[in-house]
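Colleague: Got a structure here, written out as structure tokens. Questions coming.
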Amino acid sequence: MGGQSSKIGTCCSHKTTALEAPDVENKENGEVNGVHSFREYSLEQLKIATSCFALENVVSEHGETAPNVVYQGKLENHMKIAIKRFSGTAWPDPRQFLEEARLVGQLRSKRMANLLGYCCEGGERLLVAEFMPNETLAKHLFHWDTEPMKWAMRLRVALYISEALEYCSNNGHTLYHDLNAYRVLFDEECNPRLSTFGLMKNSRDGKSYSTNLAFTPPEYLRTGRITAESVIYSFGTLLLDLLTGKHIPPSHALDLIRDRNLQTLTDSCLEGQFSDSDGTELVRLTSCCLQYEARERPNIKSLVTALISLQKDTEVLSHVLMGLPQSGTFASPPSPFAEACSGKDLTSMVEILEKIGYKDDEDLSFMWTEQMQEAINSKKKGDIAFRRKDFSEAIEFYTQFLDLGMISATVLVRRSQSYLMSNMAKEALDDAMKAQGISPVWYVALYLQSAALSVLGMEKESQIALTEGSILEARKISASTQN
């Protein structure tokens, strides 16, 4: 990378015409059709969607210890959502919270995980956004499992996030709070998107930055306020993450840049993937964004223009570059249960459920062994009917068992399967979702949901449930082989 190092000294301020691009209307990352309109959700809806904000559904960076926790959930229409739950004192004035949320909720872009709605009941303050199923940039960049992120994909992340910020700026949202690798999410097709949660502060009077002070813009440390230029600085730290594959303080990176020590700066995993000129150009852009004086940093439009010219392998889909399966595909060959579900082979599904038995209900066995004899007898009669393929009778006895207040995910999936065999797909779906509420990581419940959704003609939702079930089953198998 040494041959072009002299370029580094030239910075792209917002006055530099070489990086300027004309305004482009109707860009691909503009308004997106098909995204639900911003709306209000009831607290009860969100409790059901998250199994009462169960720990298993926490997806935020610091888990349940974070002051504002993000959960994954599923609505009654089977759409997956992300829910940010603010701390009790974050937004005491509900009107102010609603006003801020509505402004962000007007944005609709393919480059963002769009805000779908809010909940403002009592002391609760919650935001609802599109769910992105393929983790965060931090996960893929700092904690990768099989292979590091490729150079072409890193450039794509940089471009897409810059386009997201440009879209926000063009629509009156010039400030983004605490931009970092955890704010970059990957959708079903593994395309990077910017979380809309960062467009609202964590509280009415709260801090705009929660990360280590070494990564915050210098002017924020001086004044406690952020500007559009502060967002550019944070974008520079993101470029630095992409360049190094590590989360290193900007001051250290700038020292390496000044010393022309670029070999130490760049991620060794990227060796041979880019030219000296391309590597030097990204280093230059990073350095420009990290300038101490805010006025010396480039504007977002010039960064978009510069990053467009660096793009590689633009014809290759993101999920291919990432080495991840596209939504609706399996990372490994499907299991017999997944194959039966995918092929709508209900008879084989019954046989597999019989083999599984009640081993996944072991934690709950005390609930019936110490309960009234009537409940035990009802379950046993239901099991006998299920084995005899008398599904009408199985439904009757399993219903008796559940009506007595018993809790069993296995009984619910068996009744769900019985409903499927009796051409009662809606009832089957309801039971499968209840089973998942009891055991959120049990793949069987998702397979039953997939089968029921397919019968109901909801093929896209069926395929998503099937893929999620396959992933959970693979994780369970992997965990069992490691023990």
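We count from 1, first residue shown onward.
Just so you know, glycine gets a Cβ as well, placed from its N, Cα and C.
Features from Swiss-Prot:
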ACT_SITE  ASP178  active site, proton acceptor
BINDING   HIS62, GLY63, GLU64, THR65, ALA66, PRO67, ASN68, VAL69, VAL70, LYS84  ATP binding site
DOMAIN    56-322  domain 'Protein kinase'
LIPID     GLY2  N-myristoyl glycine
Colleague: Given a separation of at least six residues and a C-beta threshold under 8 Å, show me what packs close to VAL70 (ATP binding site) in the same chain.
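Modeller: The answer is VAL58, VAL59, SER60, ALA82, ILE83, LYS84, ARG85, PHE197.
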Colleague: What's the CA-CA gap between ASP178 (active site, proton acceptor) and ASN68 (ATP binding site) in angstrom, rounded?
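Modeller: So the Cα of ASN68 (ATP binding site) lies 14 Å away from that of ASP178 (active site, proton acceptor).
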Colleague: Who sits close to ASN68 (ATP binding site): which same-chain residues at least 6 apart have their Cβ under 8 Å from its Cβ?
Modeller: SER60, LYS84, ARG85, PHE86, SER87, ALA90, ASN202
Colleague: Tell me, what is the mean pLDDT of the domain 'Protein kinase' (56-322)?
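Modeller: Mean pLDDT, the domain 'Protein kinase' (56-322): 90.
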Colleague: Taking the Cβ of ASP178 (active site, proton acceptor) as the centre, how many other Cβ atoms fall within a 10 Å radius?
Modeller: 19
Colleague: DSSP on VAL70 (ATP binding site), three-state: which is it?
Modeller: strand
